[in-house]
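Features of the protein shown, as given by TrEMBL:
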type     : residues                                                                                 : note
DOMAIN   : A:123-499                                                                                : domain 'Myotubularin phosphatase'
BINDING  : A:Asn272, A:Ile273, A:Cys335, A:Ser336, A:Asp337, A:Gly338, A:Trp339, A:Asp340, A:Arg341 : substrate binding site
ACT_SITE : A:Cys335                                                                                 : active site, phosphocysteine intermediate
REGION   : A:540-643                                                                                : region 'Disordered'
COMPBIAS : A:540-560                                                                                : compositional bias 'Basic and acidic residues'
COMPBIAS : A:567-594                                                                                : compositional bias 'Polar residues'
COMPBIAS : A:614-627                                                                                : compositional bias 'Low complexity'
COMPBIAS : A:628-643                                                                                : compositional bias 'Basic and acidic residues'
Amino acid sequence: MEHIRTPKVENVRMIVSPRKSTVGTLYLSSTHTIFVENSEALKETWVLHSLVYNVERLPTNSSGSPLIIRCKNFHVYRLLIPQEKDCLDVLACLTRLSRPEHYGELFCFSFNPNLDKELREKAWGFIDLKAEFSRMGIPRNLWQVTAANHEYRLSDTYPSELFVPKSASPAVIVGSAKFRSRGRLPVLCYFHRDTSASICRSSQPLSGFSARSSEDEQMLQAIMKSNPLSEFMYVVDTRPKLNAMANRAAGKGYENEDNYTNIKLQFIGIENIHVMRNSQQKLIDVGELAAPSMSDFLWGLENSGWLKHIKAVLDAGVFIAKAVAEEGVSVLVHCSDGWDRTAQACSVASVLLDPYYRTIKGLMVLIEKDWVSFGHKFSHRYAHLDGDPKEVSPVMDQFLECMWQLMQQFPCAFEFNERFLIQLHTHIYSCQYGNFIGNCQKERRDLRLQERTHSLWPHLWENRAEYTNPLYRTDHSQTQGVLKPLTTAYCFKFWKGMYGCAEKSVASYQSSADCLNAVREESQQLEEELSAHQERLAQLEERKTSGERKKTNKLSEHVRRPIPTESELSSPQDYFTTPRSEKNTPSFTLQLQLATPHKNGDPDDLSTGSDFESGVADLSSYSSSGGDDTKDPDSDEVVKANA
Amino acid sequence: MELSEHIKTANVEDVTLRRPFHPALRGTLCVTSHHLLFSNRKDEASWQLLILLKNIDAIEKRAVGSSGTITIKCKDLLVLQLEIPGMEECLNIASSIEALSSLESVTEMYPFFYRPSHLTLLGPWGLSTTEQYYKQTERLWDRWRVSKVNSDYSVCPSYPSAVIVPREVDDDKLIRSARFRQGGRFPVLSYCHHSNGMVIMRSSQPLTGANKKRCKEDELLLQAVIDGSELGYIIDLRSAQQAQQARMTGGGFESKSCYRHWKRIHRHHERGKVVQESLIKLVEACSDLSHSVDRWLSKLENSKWLSHVHSALSTAGLVVECVERDGHSVLVHGSEGTDNTLLVSSLAQIILDPASRTVTGFLCLLEREWIQAGHPFQQRCAHSAYSHARLKQECPSFLLLLDCVWQVWRQFPLALEFSEALLLRLAQEVYASNYGTFLCNNEQERCAAGVKENTHCLFQSMLKPDIEEQYLNPLYEPTDLAIWPSVHPQSLQLWTGMFLRWTEYAQNMEEAREEVWSIVKEHRERV
């Protein structure tokens with residue numbers, strides 16, 4: 001609290017678009033920036049400090065001091081503060097609060113959703129990796145758990161429990177670990193029951209120009225032999241070959257095919273974290289362009305190189321999945337340290353191979369396994385603490401985007417929807433839950449996160465209805481077996497739901513998925529209603545009276561529920577001013593509206609209201625019925641928790 | 001010359017057919033006056049592929065030893081390969097296709113021979129006429145009338161015989177106004193707003209020329225349109241500079257001093273050849289699977305197709321903003337008033353008029369605003385994206401409309417009663433069809449050729465209940481509101497259903513569509 005000099009500023013203007021803004025009061029708490037509109041609705045916007053990416057102050061003008069808050073989930077808030085002094089105070093405060101220096105300052109340590117100790121512990125057990133490895137059906141005669149990394153002796157960034165080939169002796173395990181960057185030896189990541197081929201992962205070997213390790217060579221041999229049917233294995237180096245070669249000068253590098261028997265080395269060419277960071281920044285800039293022409297936009301998209309990188313990650317996954325499923329050949333995947341590109345490639349391949357990872361629970365398990373437990377450096381990559389900006393990179397963003405791109409190609413294959421991915425993305429950055437704090441298992445243990453913070457997974461699971469894809473059906477052909485996506489260039493699209501902030505806040509869309517979800521829900525309700533009616537009918541018939549009172553009305557009422565209300569459809573845009581995109585409506589989310597039951601519970605008024613005939617946009621109706629859609633969805637929980 | 005004289009080899013056996021994502025098939029190839037027929041009789045089950053020769057945009061022949069390969073590129077973007085044993089047969093087939101796919105004479109075209117048993121040539125042709133439309137539209141009766149001044153097509157050769165004009169403007173004035181407009185396309189009513197009574201008019205450019213000629217009747221006509229209200233908008237689909245330049249060649253624009261109550265807004269739209277070349281470039285970009293992402297994006301950008309979509313939707317949005325929100329009448333025109341003008345006026349109606357979003361409403365809109373309004377379909381759709389022929393008057397204006405409607409549907413998946421399937425069918429029919437609907441360039445030509453008497457109407461056949469069903473949008477929920485599409489480039493996408501129609505990509509989408517249907521059907525059963 002000592003950083004908050006001005007906890008409250010009045011008459012602040014939140015600028016939604018050049019034509020639309022609202023006046024309200026700005027509050028700064030130790031965890032959130034809260035904007036409360038002066039309107040009757042007292043609409044609130046909550047912005048978590050840990051989600052703030054940067055705060056920019058523009059020169060003061062006659063109407064006040066403009067302040068732009070950019071968030072790590074690509075939301076942007078534009079404020080106009082009447083007094084320059086207040087603006088400077090808010091700026092200083094937000095700058096400090098959005099860059100915590102110690103783990104202890106993170107929101108997860110103060111976030112309290114009122115769970116008792118027992119429930120909290122149970123929540124942390126929600127995802128069980130032991131159960132996951134046994135789900136894979138790993139044959140115990142070929143693979144075993146080694147205690148070699150007990151107390152993180154071999155590799156402090158690996159999980160303490162590792163699956164290795166049964167034939168690998170302790171000496172081979174230790175020797176191999178010594179020959180790998182940070183001791184990250186080759187271990188099992190995914191076992192494909194259908195072919196007995198596996199995906200293993202590691203860091204790069206310390207081969208330099210000529211170094212060898214017979215233990216490491218034996219380790220690879222053991223992995224290959226754990227797949228009894230195959231005669232060779234792939235080593236997939238996810239780096240561009242040039243980068244891999246450059247590493248040799250530093251005593252690292254890649255496997256020499258002459259030294260390792262029966263391996264095939266394959267480079268994939270995913271660029272490093274610095275290239276990705278810069279690429280994403282360019283993409284964000286494209287998304288923020290206020291009034292681009294079609295050419296500006298497409299050129300910017302091309303220039304960012306982002307989709308090219310997404311394709312590279314997906315290509316890596318496709319290569320691995322193909323080797324494992326079609327050729328039945330095991331694959332060892334590594335990059336440099338084996339915690340960024342390797343995690344991407346392995347997890348994308350797993351999603352392609354195993355339908356389980358395309359479910360809500362399955363994706364949680366996969367993230368917990370391939371990312372959290374194997375030491376993906378969450379706190380560094382997502383800047384949880386004020387640290388080296390060169391360590392920051394959107395590695396996980398790219399994985400989530402690969403999921404999204406796949407969902408575009410296979411609309412029926414995934415149990416989760418886009419909202420789930422976006423929610424995951426937000427929480428990877430938000431520090432509200434303890435799951436993604438720290439950089440490896442050891443660090444997490446030392447921080448005693450399970451005792452001091454809460455787990456995200458059960459929370460998402462409870463709300464899974466919101467994250468479910470209505471087209472998903474377990475018996476659909478797209479949900480069976482291996483996914484074989486196209487990676488033709490035209491398959492890759494700009495992820496508007498994630499990066500389209502200039503547009504996100506203004507466009508009025510209907511969503512077919514939401515409509516379908518509503519339809520499904522209705523179906524279910526109707527079913528229940530029908531049986532209730534039948535029961536009642538039976539009762540009434542006994543009394544010789546008709547029980548069919550208004551049945552049909554009721555039904556049609558239900559079907560009509562997904563009709564959007566006026567404010568949702570009529571958002572005239574600025575077609576007048578040549579391609580300018582900022583429009584005059586507040587952010588619109590049909591999702592929120594549909595997720596909640598109809599406001600006045602009488603859908604009939606939609607068709608009878610006379611003012612609907614004109615369809616003329618009534619701006620006053622936007623603000624009231626627009627509801628709290630700009631409110632940070634996360635904040636709901638906070639409110640509840642604090643209440 | 002009889003059509004059959006073009007056919008030197010009518011039948012070839014042992015032809016191999018290759019299609020994308022299907023195993024190669026062997027069978028018999030037949031060429032008839034209007035069709036290419038491939039049939040494969042294997043294990044009793046016979047499979048046939050029937051292609052209208054008119055659908056073939058380009059062919060490429062290649063000799064491989066003693067046999068030849070013909071690559072057939074269709075106007076609906078399908079590409080097929082035929083391996084024909086025997087060089088002579090191959091060349092004969094190729095020359096037959098070349099000759100028969102580019103027939104110029106309308107009455108020789110297939111719609112004049114198409115006689116399915118379930119359709120009859122008796123009865124009215126088309127869905128509606130101007131008079132019927134007027135009769136059904138009560139809000140027009142007070143201030144508007146049907147004029148038959150063009151009944152013999154002498155006032156405007158490309159207009160229908162009947163048009164709707166302000167009641168107080170007599171036919172003499174119309175004739176004078178027509179003389180002052182390119183091609184005689186004087187301002188006529190396109191749409192009257194369903195609640196505020198404001199209208200969308202369309203015309204061609206005024207022939208002011210370098211000397212700034214005036215036409216009193218034309219001015220009076222437009223004055224009558226706004227009828228005492230303060231202001232109307234003229235949306236000129238050319239840049240101000242282009243409009244200025246048009247004066248040098250006899251065209252021009254409505255100057256402020258002469259049309260005092262009209263405010264002119266210029267919006268630049270590409271036309272003709274430029275748009276056709278965009279289509280060619282786009283299809284070329286889509287068919288090369290080896291592109292890197294960078295190269296693909298660069299080619300997509302370079303094609304400018306999405307820029308045209310963007311302009312069309314933005315200007316349509318502007319028109320709707322004028323009519324719907326600001327409550328002013330609008331006159332839309334470019335130069336000839338037969339392409340972009342129709343594109344913008346019909347898109348505007350889809351955005352603001354719920355009636356045009358039903359299957360029937362949409363087809364009626366197309367009939368009114370494209371067929372009757374004289375979009376020169378025969379010239380514009382002579383060739384599609386593959387043809388090597390020198391471009392004459394080709395321009396995919398209609399395809400651009402379908403793309404824009406698709407963009408609207410994608411943003412408002414509940415608002416249109418029809419589905420993407422309807423748009424795809426139309427995109428196919430406009431280039432090659434069994435029906436007479438898209439034949440000729442205007443009503444006068446259709447009359448002369450006897451289209452109404454001798455061909456079937458596509459729209460009528462699409463509205464037969466069993467057929468209409470396949471074009472319905474399962475999620476349709478009518479709304480009375482305007483549906484304002486976002487025109488931010490982020491919101492506009494490549495129409496994959498059209499341009500990637502014959503790829504694997506489209507197959508997964510098909511499965512998704514089926515899934516949507518099954519959910520909805522399940523629900524309906526419960527209801």
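Just so you know, glycine gets a Cβ as well, placed from its N, Cα and C.
The C-beta environment of A:Arg341 (substrate binding site), restricted to residues of the same chain at least 6 apart in sequence and closer than 8 Å, consists of A:Thr238, A:Arg239, A:Ile270, A:Val313, A:Ala316, A:Cys335, A:Val395. When the Cα positions of A:Asn272, A:Ile273, A:Cys335, A:Ser336, A:Asp337, A:Gly338, A:Trp339, A:Asp340, A:Arg341 are compared pair by pair, the longest gap among these substrate-binding residues is 12 Å. In this structure, A:Arg341 (substrate binding site) is part of a helix by DSSP. The Cβ centroid of A:Asn272, A:Ile273, A:Cys335, A:Ser336, A:Asp337, A:Gly338, A:Trp339, A:Asp340, A:Arg341 marks the substrate site; residues of that chain outside this set whose Cβ lies within 8 Å of it are A:Thr238, A:Arg239, A:Thr342, given in sequence order.
The binding-site residues examined here are A:Asp337, A:Trp339; by Cβ neighbour count within 10 Å, the least packed of them is A:Asp337. Listed in sequence order, A:Arg239, A:Asn243, A:Ser336 are the same-chain residues at least 6 apart in sequence whose CB falls under 8 Å from the CB of A:Asn272 (substrate binding site).
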